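Participant: First, the structure itself, so that you have it in front of you.
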Amino acid sequence: MTIALTGGGTGGHLAIVRCLLESAIKKNIECVYIGSQNGQDKAWFENEVRFKEKFFLSSKGVVNQSKFGKISSLLHTLKLSKDCREIFKKYHIQAVFSVGGYSAAPASFAALFSHLPLFIHEQNSKSGSLNMLLKPFATKFFSAFEKEISPYPVADKFFDNARIRKELKNIIFLGGSQGAQFINELALNLAPKLQEQNIKIIHQCGKNDFEKCKKHYQSLNIQADIFDFSLNLEEKMKNADLAISRAGASTLFELCANTLPTIFIPYPYAAKNHQYFNAKFLQDQALCQIFMQNSINLDEFFKSILKLNLENISTRLQNITQKNGADMLIQKALFDNLTFIR
């Protein structure tokens, strides 16, 4: 059996693609990847040899474009979907699995036009525009945030490094692979207070702010573990007892898998404010704290760091997500829906 995996644009979407690829391989399913020349798709998968083939199309986003721009992008997507149909025929694709993002549009529409099963995984609490549009036509729609909860695909390594936190000795600031300037500034401002409490700092600051952050810690004579990007983020998480992070869905569930208590600062300009609602999913269960970027008071924030019941939160985070989530999605999609596979 050969399937197409499509979608991406951001690390969160692409992390799910990688998990699905690894699960498909376990079941001897071959995968063709269809992504975009734009975004991070090529950086992630151009050299990924486990795909049967990879295609990076000139996909364009529709959101935030003018009326004319949206029409132009839609026509371009329809043209690319025709190219995808040819890919489906050449590689005998039997189903399409989309993780969303504009780069998923051509292959997703092509699946509908070709009468192929279309499976969609929505990573966020608020569905993206493409997924909302295609949901009624999908063979199966998966989401960890809906009433019919589906497992969220998280790499095993985040579970393997999990532990129950009991005492705050190390704190990790996660600005993402691209960095988050606000979180970087917050970390630098909190650094003297953390040093007074003998709390060590681990800081992912992104490439743009790396030198600035490094020099600032040196000027404070603080030995921080500072890095721009790491392919082994789970190793950094393993050493932390508390995280300060944005609330992208993949990051959120990786933190849950690692049972790492977190204070979330949602990115305020995320589409549909989805990062806030992602974090609220945990806050409603008393499993995290949320601070809004525009109203943070440094002293109050620091007090909240010291007050958290790490052991209680860490223990209960074990129940939020489960290992082998991608395996379960592949099983539900392709094997529990065999009547759809032609």
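The backbone N, Cα and C atoms fix where each Cβ goes, and this holds for glycine too.
Grabbed the feature section from Swiss-Prot, which reads as follows:
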- THR10, GLY11, GLY12, ASN124, SER177, GLN275: UDP-N-acetyl-alpha-D-glucosamine binding site (BINDING)
Participant: Let me make sure I understand the structure: which of the binding-site residues listed (GLY11, GLY12) has the fewest other Cβ atoms within 10 A of its Cβ?
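Facilitator: Taking GLY11, GLY12 as the binding-site residues, the minimal 10 Å Cβ count falls on GLY11.
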Participant: Just jot down the residues in the same chain as ASN124 (UDP-N-acetyl-alpha-D-glucosamine binding site), at least 6 apart in sequence, with C-beta under 8 A of its C-beta; none if empty.
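Facilitator: PHE145, ALA249, HIS274, PHE277, ASN278 - these are the non-local Cβ neighbours of ASN124 (UDP-N-acetyl-alpha-D-glucosamine binding site), listed in sequence order.
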Participant: Select one residue from THR10, GLN275: among these binding-site residues, choose the one with the most other Cβ atoms within 10 Å of its Cβ.
Facilitator: GLN275
Participant: Can you tell me whether DSSP puts GLY12 (UDP-N-acetyl-alpha-D-glucosamine binding site) in helix, strand or coil?
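Facilitator: In the DSSP reduction, GLY12 (UDP-N-acetyl-alpha-D-glucosamine binding site) maps to helix.
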